[in-house]
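Have a look at the structure below, then the notes.
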């Protein structure tokens, strides 16, 4: 029997998954969280899917050893590479971010997708929604990880990637959890296009599932421990610039995974 008071594990290649963590905390204020950012190996998007799959299994195994009651793969690349196997083989509920965003896009006639090279090439999204256009945007994740989401260079890069988007595009799936931090630049290039991200929808799915399984924490204090494979203080500085209050952060060496 899983312990309702156990934490929820959330992981991403870096700070992108903080968008999902924020939505989870808003819906589940009593839950305790372990947020794992694989900052020593970010970005995932240009790496082979087999390598990303290995990373996802390493992190999921580590989180299980910390006693989590559920795992949220708050990374589109890792969700595309590993989610079906993780969900089938792990002993706790596992949630990804691909299907929730794809479901949100079904109400639009002409839908586009931007994501990492690995996510776009994986074909994960077309399993759930018809796409009129898709584009890999490999520089977007480094822009966010370097703290440049509101720098003029972000707008220049967005124009470079999005200039060939169809003029009649109705919705664009932000197929990477880093990309919501770039909504200002993306929206400036594609005014009038609905920008869809999966954070809120994923959080709702997690909340429904935990309630159905009797796993909601009745008396938690809503704390989050941040775990990173890179420099903890560099992570803290970046996360706090993104609006995340980091009360506790600890480095996890790759040898511990």
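Note that Cβ sites are derived from N, Cα and C of the backbone, with glycine treated the same way.
What Swiss-Prot says about this one:
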ACT_SITE  75  active site, proton donor/acceptor
ACT_SITE  176  active site, proton donor/acceptor
BINDING   12, 13, 44, 45, 76, 77, 177, 178  substrate binding site
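Annotated features taken from Swiss-Prot, shown on the structure.
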residue	record	Cβ contacts under 8 Å, 6 or more apart
12	substrate binding site	18, 20, 36, 37, 38, 74, 75, 78, 177
13	substrate binding site	37, 38, 39, 41, 42, 43, 44, 55, 75, 77, 78, 141
45	substrate binding site	77, 115, 116, 117, 118, 119, 136, 138, 141, 176
76	substrate binding site	97, 98, 115, 116, 119, 124, 175, 176, 177, 198
178	substrate binding site	14, 15, 16, 140, 141, 144, 145
Extra residues within 8 Å (Cβ to Cβ centroid of 12, 13, 44, 45, 76, 77, 177, 178), substrate: 14, 16, 17, 42, 43, 75, 78, 116, 119, 141, 176
Annotated substrate contacts 12, 13, 44, 45, 76, 77, 177, 178, maximal Cα-Cα distance (Å, integer): 12
For residue 77 (substrate binding site), the number of other Cβ atoms found within 10 Å of its own Cβ: 34
For residue 75 (active site, proton donor/acceptor), the number of other Cβ atoms found within 10 Å of its own Cβ: 37
Neighbour tally for residue 176 (active site, proton donor/acceptor), based on other Cβ positions within 10 Å of its Cβ: 33
Cβ-based isolation winner (fewest other Cβ atoms within 10 Å) among the binding-site residues 44, 177: 44
